[in-house]
Every structure is written in C-alpha cells, then in structure tokens.
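Student: Starting off with a structure, shown below.
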Amino acid sequence: MAAAAAAKIAPSMLSSDFANLAAEADRMVRLGADWLHMDIMDGHFVPNLTIGAPVIQSLRKHTKAYLDCHLMVTNPSDYVEPLAKAGASGFTFHIEVSRDNWQELIQSIKAKGMRPGVSLRPGTPVEEVFPLVEAENPVELVLVMTVEPGFGGQKFMPEMMEKVRALRKKYPSLDIEVDGGLGPSTIDVAASAGANCIVAGSSIFGAAEPGEVISALRKSVEGSQNKS
C-alpha cells in the first residue's frame, strides 16, 4: 500500500502584511509552517491583481522556505522562466487555461527545477486532471479550490470535498491541496476527505495565536491519516 502523503500547512501570504513580507514569512516558518503559499494573479484569469516574480525574488533573499506558487493567470507558460529565476519552489497552473499545452508546461516547469502542480476551479470536473496525474511526465500536486479563486476571506465550499475524495481514492500518495475558507471550523471535513496540503490565510493571520492554528490544522490532517 502506498504511503500517505505528509501533512503540509501552507499559510497564504495574500493574507499577510505585505509591507513586512519577509518578517511575516519568517514568523510563519518559526510557527511551524511547511510551505508559504504565494498567489500570483494577473487581473485577467481572476479579477484581482497581486504579485509577480519580482516579489518572489525579493522574498527568496530572506527565506529558504518552500515557496508554493499558485498561478491564477491566463498564460502560465509566460511565468515559468521568470519564477524559476526568482526562486519559486512549486508552480501550480490552472487546467482551465492549459487544456491544450499541459504536457509542454509540465516539462518546462520540471526542466527549470520547480515542482509542477495543477489546480481546478469549483466548476471544473475533477476528471479533467486525471490525465495530468497519470501522464508519463505527471504533475506532483493537485490543488482543489474550495472557493472561487481571486480573493481571500471567502466561505468554504464543502461540496468540493467530493473532488478530494475522488482524487485520494485513485491516488493514495498524491499531494492533494485545498485552498479557500480553511480554518479550525472546516479543516476536519477537508482532512477526512483526504487533503494533506492545507492553504489557510485569514484563519492563520487573523488569529491571536497563529501557531496554534497551524498546529491544529496539522493535527487534523495527521489524525485523519491515522484513522484511514
């Protein structure tokens, strides 16, 4: 039987104090974060506009942490080389804009030393990403959006857990990430469905004790894995 994918807690830096990004990143790592989740939006694929490669490059000078980059952009291939040079660790693109070129995209991401992942919006059937996980040159992570991508602080969509369950049943050792509305009140549902990578923004950064939230998220994932 394949080993369970390790629990990974990834604070969403979109919810951090951008004026003190390096200090916020350091604080999250000290409090137990495994990854730092970086949302890159172009104002086209989603209405919001956030950061790009220059911010990743600046942050990389101050941290050795795994920078988990989620590309909510129309042309992800344009970002591969700049983000690789900037020091990105993971590069997760959206299937909705990559249906015709995902093989080439995965190849270029790996060639630049980054870890490829694929994400899907709430309205996209989970079956669309199966070929990318099963390919000869596969993605190594699937990100299931549990809100409509673009803005933080939205309400968690529990119906998306059907996608997580389907993925975990087919791929026992795959990194399955969930993003949107995750916190102490919703983590158990996500963890029991099979998610092992947890992105959380406002529930961590808005907490009086962010380290306790990170610890609670991890315990929920590990507890669910021990039951299964």
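Glycine is no exception: its Cβ is also placed from the backbone N, Cα and C atoms.
Sharing the record's features from Swiss-Prot:
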type: BINDING; residues: SER12, HIS70, GLY150, PHE151, GLY152, GLY153, ASP179, GLY180, GLY181, GLY201, SER202; note: substrate binding site
type: BINDING; residues: HIS37, ASP39, HIS70, ASP179; note: divalent metal cation binding site
type: ACT_SITE; residues: ASP39; note: active site, proton acceptor
type: ACT_SITE; residues: ASP179; note: active site, proton donor
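What's the neighbourhood like for these features in this structure?
Tutor: Neighbours of SER12 (substrate binding site), defined as other CB atoms within 10 A of its CB across all chains, total 24.
Residues within less than 8 Å, Cβ to Cβ, of HIS37 (divalent metal cation binding site) and separated from it by at least 6 positions along the same chain comprise ALA10, PRO11, SER12, MET13, LEU14, ASP68, HIS70, ASP179, VAL199, GLY201.
Annotation note: ASP39 (divalent metal cation binding site) sits in a strand segment as assigned by DSSP.
Using a 10 Å Cβ-Cβ cutoff, ASP179 (substrate binding site) registers 26 neighbours.
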Student: Let me check the 10 A CB neighbour count of GLY150 (substrate binding site). How many other CB atoms are there?
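Tutor: A count of 18.
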Student: I want the residues beyond HIS37, ASP39, HIS70, ASP179 whose C-beta is within 8 angstroms of the mean position of the divalent metal cation site's C-beta atoms, in chain order.
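Tutor: Close Cβ neighbours, site residues excluded: ALA10, SER12, LEU14, MET38, ASP68, CYS69, THR92, LEU143, VAL199.
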Student: Which binding-site residues from the set GLY150, GLY181, SER202 come within 10 angstroms of ASP39 (divalent metal cation binding site), judged by C-alpha positions?
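Tutor: Qualifying among GLY150, GLY181, SER202: GLY150.
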